[in-house]
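S.K.: The structure under discussion is supplied below as structure tokens; questions concerning it will follow.
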Amino acid sequence: MGRVRNRATAQRRRRKRPGDPPAACAAIAVTGASRAQCPRVQVGVGSHAAAKRWLGRWRRKRRWRRVRKAGPRDLLPSAPTPDPPGPAPSPKDLDLGAQRERWETFRKLRGLSCEGAAKVLLDTFEYPGLVHHTGGCHCGAVRFAVWAPADLRVVDCSCRLCRKKQHRHFLVPASRFTLLQGAESIVTYRSNTHPALHSFCSRCGVQSFHAAVSDPRVYGVAPHCLDEGTVRSVVIEEVGGGDPGEEAAEEHKAIHKTSSQSAPACPREQEQ
């Protein structure tokens, strides 16, 4: 009985010291002791104050781990998402007032949509002194529009290609040229001696315009393909083309190559 009492007394007097490791902090069960005499403890933690300190350190470590994992960008408050743009107002909703009838008449006469009519009016304001020309090929598959003066300065190139196809043209910046329709109907041909992309309609074969290879920002438009009513005068200026001898040699080589590929060989040539 003396040993049992001594062991109970030793267990009752035993307390956790701050330097004890967590593994050594076991539950302290005191037989016959009241709650006022025995402090509140937890298994594996020790006293209540030590448990609070340990829990605070654990929470701080967990928070810093999340901070390092998230990065600085994720910690910043996200900007509020902008409101989606509302639907664009239809032409009927525009407050045109007494000009609505003129607007509809202008749009129907030119066969333009509301956006196209607005573009024409804005271009007229941005290009003062220029005229809005429209044109196309013979069958109507290719249609284009161009802003140019009413008095056209037409270039007559003397190269063999331009002489054969009679391509007189006036030059305009690419920003003033708009292909309205027929992109799928255009066939492009490029000569070895002429730095230009000659575009033809695949149905009727008419060339309405061409683009320069050296400067794609410039278009050459055929004046005879423009619609009537917008051209006031035409001044033709002849310019020199490439070297006639070089062009003739290249043309002869192209003709010989094409004829040799398409024409069958003579029986005598096959025997030799």
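Cβ coordinates are placed from backbone N, Cα and C, and glycine is handled just like the others.
The feature compositional bias 'Basic residues' is assigned by Swiss-Prot to 1-17. Residues or ranges marked as region 'Disordered' by Swiss-Prot: 1-23, 65-95, 240-272. The compositional bias 'Pro residues' feature in Swiss-Prot is assigned to 79-90. Sequence annotations record features per position, and here Swiss-Prot assigns domain 'CENP-V/GFA' to 133-246 based on sequence analysis. Marked as Zn(2+) 1 binding site by Swiss-Prot: Cys137, Cys139, Cys201, Cys204. Positions annotated as Zn(2+) 2 binding site by Swiss-Prot: Cys157, Cys159, Cys162.
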S.K.: Provide the three-state secondary structure of Cys157 (Zn(2+) 2 binding site) computed with DSSP.
M.R.: strand
S.K.: Rank aside, I only need the closest one: which of the binding-site residues Cys157, Cys159, Cys162 has its C-alpha nearest to that of Cys137 (Zn(2+) 1 binding site)?
M.R.: Cys162
S.K.: Tell me the Cα distance separating Cys201 (Zn(2+) 1 binding site) from Cys159 (Zn(2+) 2 binding site), rounded to the nearest angstrom.
M.R.: 22
S.K.: In the same chain, outside Cys137, Cys139, Cys201, Cys204, whose C-beta lies within 8 angstroms of the Cβ mean position for the Zn(2+) 1 site?
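M.R.: Along the chain, the qualifying residues are Gly136, His138, Gly140, Ala141, Val142, Ser185, Ser202, Arg203, Gly205, Val206.
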S.K.: What is the one among the binding-site residues Cys137, Cys139, Cys159, Cys204 whose Cβ has the most other Cβ atoms less than or equal to 10 Å away?
M.R.: Cys137
S.K.: Across all chains shown, how many C-beta atoms besides its own are within 10 angstroms of the C-beta of Cys201 (Zn(2+) 1 binding site)?
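M.R.: Around Cys201 (Zn(2+) 1 binding site), other Cβ atoms within 10 Å: 20.
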S.K.: Using CB atoms and a 10 A radius, I'd like the single residue among the binding-site residues Cys157, Cys162 with the highest neighbour count.
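M.R.: That would be Cys162, with the highest Cβ count within 10 Å.
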S.K.: Using DSSP with the three-state reduction, classify Cys162 (Zn(2+) 2 binding site) as helix, strand or coil.
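M.R.: DSSP assigns Cys162 (Zn(2+) 2 binding site) to helix.
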S.K.: What counts of helix, strand and coil residues does DSSP assign across the domain 'CENP-V/GFA' (133-246)?
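M.R.: The domain 'CENP-V/GFA' (133-246) comes out at 18 helix, 55 strand, 41 coil.
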S.K.: Just to verify a number: CA distance, Cys139 (Zn(2+) 1 binding site) to Cys162 (Zn(2+) 2 binding site), in angstrom, no decimals.
M.R.: 22
